[in-house]
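Q: Swiss-Prot lists ASP303 with the feature active site, proton acceptor, giving sequence analysis as the kind of evidence. The phosphoenolpyruvate binding site feature in Swiss-Prot is assigned to LYS20, ARG119, GLN163, ARG334, ARG375, LYS400; the stated evidence is sequence analysis. Per Swiss-Prot, 3-phosphoshikimate binding site is recorded for LYS20, SER21, ARG25, SER161, SER162, GLN163, SER189, ASP303, GLN326, LYS330.
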Amino acid sequence: MKIRLDKSLPGGEIAVPSSKSYTIRGLIAAAQANGQSRIISPLAADDTLASRQVLSGLGIDINTDAEAESWQLTGNTFKKPAGNLFCRESAATLRFMSAVCARLPFECRLLAGHSLMRRPMLPLIQALHQLGIEIETRGNTTVIKGGEITRSKVSLPGNISSQYVSALMLMAPACKSGLEIHLATPPASLPYLKMTKQTLESFGIKAYTSIDWQEISIPPQPYLPARYRVEGDWSSASSFLALGAIAAPLFISNLDTESFQADRIMIKFLSEMGAEVESGQNWVKVSPKPLTAIQADLTHSIDLLPALAITAACAKGQSILSGVRQARIKESNRIRAVSQGLSAMGINVTEEDDRLIIEGGMPRGAEIDSLGDHRIAMAFGALGAVTGETCISEAECVSKTYPDFWQKLESLGGKVIKDV
């Protein structure tokens, strides 16, 4: 689907959807608990539904209670799958479930979608090999021959993706001797590991970490069933937070300002750039003011790159966004996608290995190729609503994490014309 955005000044009030990361973590923890758990306010989007579908294929009974806005699971009823398990384009699903399947006493075959095939799995595969697991990738299929895991020590790099580490943390309680995880390099996206630990604790799991998080110890122990409430998603909110800074005042609810989520730092960045930011219990309000350039380290909040970049494009001066190297291995090469998109809109951008340098100016409308990347589509959707005369290809890709993004933008006064 291709959409066109005509010029507008969107503003008003919205509630952002629930967190993708917490929904997937909660599902996988609940699936390993004996008894019934309830996931309250889960996100129903492509990535989370991929996790749900894979768990269902493994024998986990998951029911939707529409009235209570929750999913109810009966855990630890794993059985050999009848066929392949499709992870769609969800890297978290593929990586987390590869680890979970590794401790099940049968073979599992996880299928990756087209763009997911390009995202690296090797560090996790090597870590599972250290634990004696037979796992290999054949084209778009990851084949895991699982069984009881008796080894208890594993080492892997921490600076490529926190998802490899979270995957091991989620499987660790079911290992015969637990796991001692050593990170050979400091962890990137550390807040995501804290989110995993928080989820484990919600299901009765005790996990121990060193101060620098390069040593993680999780003893063998049972997951306990739980009522698990999913908070709002700061990553999905980021494009609307940016919109509030460049367009008109925007009140956003369902955001916990005390969250472990890395991307809540977006409001700190916007405040430093000059936007007016107010917050309270479960809400944030952002209002536009003259913006100045920023130097921001995104090492632990890499998903903010597109939203912060479109804000920097509207700010006075040269912004430097650093710590962005790993953005090249997301759903698209986001450094290249952001650079090409802003360049098409008349903004000078310089790509470096680990930095993006943006000369603020007056962006104009342009043809934007989202490359099927939901965060690129949402960020340029926000900017395009302000500039007008902007078309975005593969706009339906927002269904990965925010299925009604375009409807929300319209509800704020954005002029969105679909199927152009």
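Cβ from N, Cα, C; glycine included.
Provide an account of the burial state, proximal residues and distances for the features listed.
A: Secondary structure at ASP303 (active site, proton acceptor), as computed by DSSP, is helix. Annotation for ASP303 (active site, proton acceptor): same-chain Cβ neighbours under 8 Å, separated by at least 6 residues, are SER235, SER238, ALA262, ASP263, LYS330, ARG375.
Long-range C-beta contacts of GLN163 (phosphoenolpyruvate binding site), restricted to its own chain and to partners at least six residues apart, with a cutoff below 8 Å, comprise ALA91, ALA92, ARG95, PHE96, LEU124, TYR192. In three-state terms derived from DSSP, GLN163 (phosphoenolpyruvate binding site) belongs to a helical segment.
The secondary structure of GLN326 (3-phosphoshikimate binding site), as reduced to three states from DSSP, is helical. Taking Cβ-Cβ distances under 8 Å and a sequence gap of 6 or more within the same chain, the neighbours of GLN326 (3-phosphoshikimate binding site) are ILE160, SER161, ALA188, ILE302.
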Q: Which of LYS20, ARG25, ARG119, LYS400 has the fewest nearby Cβ atoms, counting only those within 10 Å, among these binding-site residues?
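A: It is ARG119 that, of the binding-site residues LYS20, ARG25, ARG119, LYS400, has the fewest other Cβ atoms within 10 Å.
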Q: Run through the Cβ atoms and count how many others sit within 10 Å of the one on ARG334 (phosphoenolpyruvate binding site).
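A: Excluding its own Cβ, ARG334 (phosphoenolpyruvate binding site) sees 25 Cβ atoms within 10 Å.
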Q: How many whole Å apart are the CA atoms of ARG119 (phosphoenolpyruvate binding site) and SER162 (3-phosphoshikimate binding site)?
A: 13
Q: If we count other C-beta atoms within 10 Å, could you say which of the binding-site residues SER162, SER189 has the fewest?
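A: Among the binding-site residues SER162, SER189, the lowest count of other Cβ atoms within 10 Å belongs to SER189.
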Q: Whole-number answer please: how many Å between the C-alpha atoms of SER189 (3-phosphoshikimate binding site) and ARG334 (phosphoenolpyruvate binding site)?
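A: Spelling it out, the Cα of SER189 (3-phosphoshikimate binding site) and the Cα of ARG334 (phosphoenolpyruvate binding site) are 16 Å apart.
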